[in-house]
Amino acid sequence: MTTINTSAPAPARTGRASPLPLVTVCLGYFLVILDVTVVTVALPDLDRALGAGVTGLQWTVDGYTLVFAGLLLFCGGLADRCGGRTVFLAGLAVFAAASAGCALAPSIAVLVAARLVQGVGAAMLVPASLALLRAAYPEPAARARAFGVWGAIAGMAAGAGPVLGGVLVASFGWRAVFLVNLPATLVALVLTLRHIPRSPAGPRRGGLDVPAQTAAAVSVAALAAGCIEAGAPGQPRAIVVGAFALAVLGLAAFVFLERRAPAPMLPLALFRGRAFTAATLVGVLLNTGFYGLLFLAPLYFQRVQHYSALRTGFALLPAVGLLAVGSALGGRLTARTGPRPPMVAGLVIGAVGLAGWLCAGPGTPYAALVGPMAAAGFGTALTMPSATAAVMESAPGERGGAAAAVFNAARQLGSVLGVAVFGTLTAGGLVPGLHTAAVVGAAGFLVAALLTARWAPGTDRTA
């Protein structure tokens, strides 16, 4: 079975474990998540400089996340076979090279292509980082603290993205949001070479299931393409219908191949558990609503309210600034009550926040949107650690790595769909599309709350 490996052997240690492996791994993970959100504030400048249009902007955001989501399971298996350190170093190199390509892109087509390659690097970094943490911190308490810090990095990076992006765009132009990755990846490379020992390759049990991986990637890419191109002006309907048909065929091929694989990349038996399936769907709906909003909000502030890139970055702080706070609180509440209560609470709060964007218009004062943005960000962050716990609790222990990989891939798929669908809704106008997106996103959160109330693990805590 191909999973994200979290059981790499570690050398014996005495004394307190060094924090440098954690710093190294978290720096790489920070860059991966940062590049999901840092580009959002630069989108209007990208449009003006490269003539991207809404469709080009959607592909700029989604191209990265699409490849990231599609290759997570595959790269988890690669880390199993080749060793976490090797894959982590390769991921940093690919990420840096692609970031340089993005910064130097002369056209939107080249930029999108470089973002696709950047997604490959991101997909290599995430599963490898988990394996390296497991090996670096064999003592259970130290390992738990390391994983806690690693998880909090996602909220910090997502929150820092729009603000850092605004500062960089205002000071140096849109290309700087990609150039900033180069010194950071260089530091991470040096730290990895100096402070992370070589990790042995795992046993070569079966292949990497390339046919199934290809089918999954084709299905996800076709689905995103269909959603994006549906809103493109003058796009023939046959192309859109063909993309959706290809998505269905790719999914069918993936299921067919996995059912017959001796060592499946994705154990389909996981989805027989209703709690696991429900929690995974919650991850999709959660990221669809929040990251769809995060795609449209900068366009609204800059095109409708005529904010600068810098002001837009700070304007988004209520939405992204509470991610780390909500995530920490969600983790504590889950430990006390179980996943269900904080999940339901977070989803309802988030739904109210998304619905609050119905008041957005050309003359809407910024103060009227602070509450909706804060509620959407806080509700999303409150839900996420609880949903992660629900996934892990509902999966058999020996399939914990596969369950984590599936959930992370599902969340990234939700981000892809959010940008694709919400961007398409603006074809008839940004403000009307934003209102429709607010309704769709809020409805998705409420559906997720109902799924949680019915199927998520309850309040019983076990020692």
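Placement of Cβ uses the backbone N, Cα and C atoms for every residue, glycine included.
The model shown is predicted, which means the values in this text are computed figures rather than measured ones.
Copied over from TrEMBL:
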type	residues	note
TRANSMEM	20-43	transmembrane segment
DOMAIN	21-460	domain 'Major facilitator superfamily (MFS) profile'
TRANSMEM	87-110	transmembrane segment
TRANSMEM	116-137	transmembrane segment
TRANSMEM	149-170	transmembrane segment
TRANSMEM	176-193	transmembrane segment
TRANSMEM	238-257	transmembrane segment
TRANSMEM	278-301	transmembrane segment
TRANSMEM	313-331	transmembrane segment
TRANSMEM	343-363	transmembrane segment
TRANSMEM	369-392	transmembrane segment
TRANSMEM	413-431	transmembrane segment
TRANSMEM	437-456	transmembrane segment
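Only pairs six or more apart in sequence are counted, and the transmembrane segment (87-110) with the transmembrane segment (313-331) gives fewer than three Cβ pairs under 8 Å, not enough to call it a contact. Summarising model confidence by region, the domain 'Major facilitator superfamily (MFS) profile' (21-460) averages a pLDDT of 86. The transmembrane segment (413-431) and the transmembrane segment (278-301) are in contact, since at least 3 Cβ pairs between them lie under 8 Å (pairs 6 or more apart in sequence). Between the transmembrane segment (149-170) and the stretches 116-137, 176-193, 313-331, 343-363, 437-456, the greatest number of Cβ pairs separated by less than 8 Å involves 313-331. Long-range Cβ contacts of the transmembrane segment (238-257) within its own chain (Cβ-Cβ under 8 Å, at least 6 residues beyond either end) map to 209, 211-212, 215-220, 222-223, 225-226, 229-230, 268. Sequence-remote contacts of a segment are chain residues at least 6 beyond its ends whose Cβ falls under 8 Å from one of its Cβ atoms, and for the transmembrane segment (278-301) they are 36-37, 40-41, 43-44, 57-58, 61, 162, 271, 307, 311-312, 315-316, 319-320, 339, 343, 347, 350, 354, 357, 360, 373, 376-377, 380, 383-384, 387, 390-391, 394, 406-407, 410-415, 417-419, 421-423, 426, 430-431, 433-434, 437-438, 440-442, 444-445, 447-448, 451-452, 454-456.
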